[in-house]
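Report on the structure given below.
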Amino acid sequence: MFEFVRNLAHEHEQVVPISVFVAILCLCLVIGHLLEENRWVNESITAILIGGIAGTVILFLNKGKSSHILRFSEELFFIYLLPPIIFNAGFQVKKKQFFQNFITIMLFGVIGVFISTSIITAGSWWLFPKLGFFGLTAREYLAVGTIFSSTDTVCTLQVLHQDENPLLYSLVFGEGVVNDATSVVLFNAIQKIDVSRINSRTSFQLIGDFIYLFSTSTALGVTFGLVTAYSLKTLYFGRHSTVRELAIMVLMAYLSYMLAELLDLSGILTVFFCGILMSHYAWYNVTESSRITTRHIFAMMSFVAETFIFLYVGMDALDMEKWKMTRLSVGTLMASFGTLVFLILVGRAAFVFPLSAFSNCLNKHPDRSKPLTFRHQVVIWWAGLMRGAVSIALAFKQFTFSGVTWDPVNAAMITNTIIVVLFTTLVFGFLTKPLILCLLPQHVTDTSDEAQGSKSPKEDITLPLLSFEGSASTNILRAKDSLSMLIERPVYTVHFYWRKFDDRYMRPIFGGPISSPPEC
């Protein structure tokens, strides 16, 4: 039997590995379905465990040579696997909750990444040599900080109930997406700086590059989303074929990502905001049957891509080439791994609790009936401890060439990254449900979003924007009211006037229902 398989693999070198990997991927889906009711185990943990088992079998069949079926590379991840994951996150995001909590999400997802990166970089730079781990350059230490600042909130989101904890779910979900985008943008910015002369000017250059990449990538995604929505509304593809509607949305989203990468921008941010704009406008310009189909297809593509990544991580954990290439002793390797986990814990805590307090100060108004309590903050801290696909991809991009490395230091960092991802996903992932059940009993319902939607001060939709028809004194009084609202309730005020602007100018051009009060 083994001889038959070996001959078959020799005759079809490309087809057999892909067929075996797809078969294992199908097995993941089946087992994940059977374990759906068991909330202790989620899809990512299932995929990693099955990947480990499959890797062990392949390693045995190859007589200890390799546990791989396919060779993973950062190009495979960034070009084919990441776009559907991020686009689906933007397309499925609850826009009203996301933008009502936008400031808090940006605090965690942007400022938090900078703080976490600084702590992990400084800590590893100081502690690694003391552990006997030498050879990393200044740029690589900075890259390590961004690699291990990227979070994976899947485990927590699968345990949290969106209906019972809408505010908490929105913050964890929003931060997870913005965190991934920020980590990649910061990682790319680090590749451009001159690390031979690191000073205060270098820090300002890094921040400037980050702001440029963040703003231009967002603008490109918004542009593609609006162009797609306008095209679907004016050309009405659905009158001939609903397939064309779906095709134009998928291709435009992918084109936005590839164009951003071609221009050295952040494809993650571009395709994320493209997804938000498409779901806000373009989704209403397609036929009813296409609306249902698009959501299911985008979710399916994202789910398969995520499962593929975690399945490979499980297999890659048994890659003997990297373990043999690593010249560190087992003690040094475990010490460096423990140091990274410790720095992740400290770096996460260093921004979650202070920024939560700052967010509560900004949101002292009836828009949020409940502040972020200490229990909420612990859940947010815990949700960001897991590391996943983006960390793996950035590590491969920094320390390998097309998935291969012959440098012992680079091999050690790849091994460390895989161990950290496995440990945080399996150990922290298994502990997520009991922790959340302990901190947030299911009978306690967070009704903050209901309060946001039910009663807010000055929720009088008749309060108009400045009018050319009114007198100067009337407009001055309106401006004073608007300025007072902005100072007292900045989040609510921006959201309030955006809804008015959206209903009055944007939706008539790009599509979407006009409601009163308008929904964002």
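Cβ coordinates are placed from backbone N, Cα and C, and glycine is handled just like the others.
The transmembrane segment annotation in TrEMBL covers 15-35 (among others).
According to TrEMBL, the feature domain 'Cation/H+ exchanger transmembrane' maps to 27-436.
Sequence annotations record features per position, and here TrEMBL assigns transmembrane segment to 47-64 (among others).
Positions annotated as transmembrane segment by TrEMBL: 76-93 (among others). Using a Cβ-Cβ cut-off under 8 Å and counting only residues 6 or more beyond its ends in the same chain, the transmembrane segment (76-93) has close neighbours at 173-174, 177, 180-181, 253-254, 257-258, 261, 267-268, 271-276, 278-279, 283, 294-295, 298-299, 301-302, 305-306, 308-309, 389-390, 392-393, 396-397.
Taken from TrEMBL, the feature transmembrane segment covers 105-128 (among others).
What TrEMBL lists as transmembrane segment is 210-230 (among others).
What TrEMBL records for 265-284 (among others) is transmembrane segment.
Annotation comment: TrEMBL describes 296-315 (among others) as transmembrane segment.
Nonlocal intrachain contacts for the transmembrane segment (335-358), taken as residues 6+ away from its ends with a CB within less than 8 angstroms of a stretch CB, comprise 104, 107-108, 111-112, 115-117, 119-120, 123-124, 127-128, 131, 133, 148-149, 328, 372, 376-377, 380-381, 384-385, 387, 412, 416, 419-420, 423-424. For 335-358 (among others), the entry in TrEMBL reads transmembrane segment.
Positions annotated as transmembrane segment by TrEMBL: 379-399 (among others).
Here TrEMBL flags 411-431 (among others) as transmembrane segment. Only residues 6 or more beyond the boundaries of the transmembrane segment (411-431), in the same chain, are considered here, and those with a CB under 8 A from a CB of the stretch are 40-42, 44-45, 48-49, 133, 136, 140, 144, 147-148, 152, 155, 310, 313-314, 316-317, 322-323, 325-328, 333, 336-337, 340-341, 344, 382, 385-388, 391-392, 395-396, 398-400, 405.
Ranking 47-64, 105-128, 265-284, 379-399 by CB pairs under 8 A with the transmembrane segment (15-35) puts 47-64 at the top. Among residues of the same chain six or more beyond the transmembrane segment (210-230), those with a C-beta under 8 A of the stretch's C-beta atoms are 110, 182, 185-186, 188-189, 248-249, 252-253, 255-256, 259-260, 263, 265-278, 280-282, 285, 509-511. Here the transmembrane segment (379-399) has Cβ contacts under 8 Å with residues 44, 72-74, 77-78, 81-82, 85, 108, 140, 143, 146-148, 150-157, 160, 168, 171-172, 175-176, 179-180, 183-184, 187, 306, 309-310, 313, 344-345, 348-349, 352-353, 356, 372, 405, 407, 410-411, 413-414, 417-418, 420-421, 424-425, 428-429, 432, 435-436, 439-440 of the same chain, all six or more residues outside its ends.
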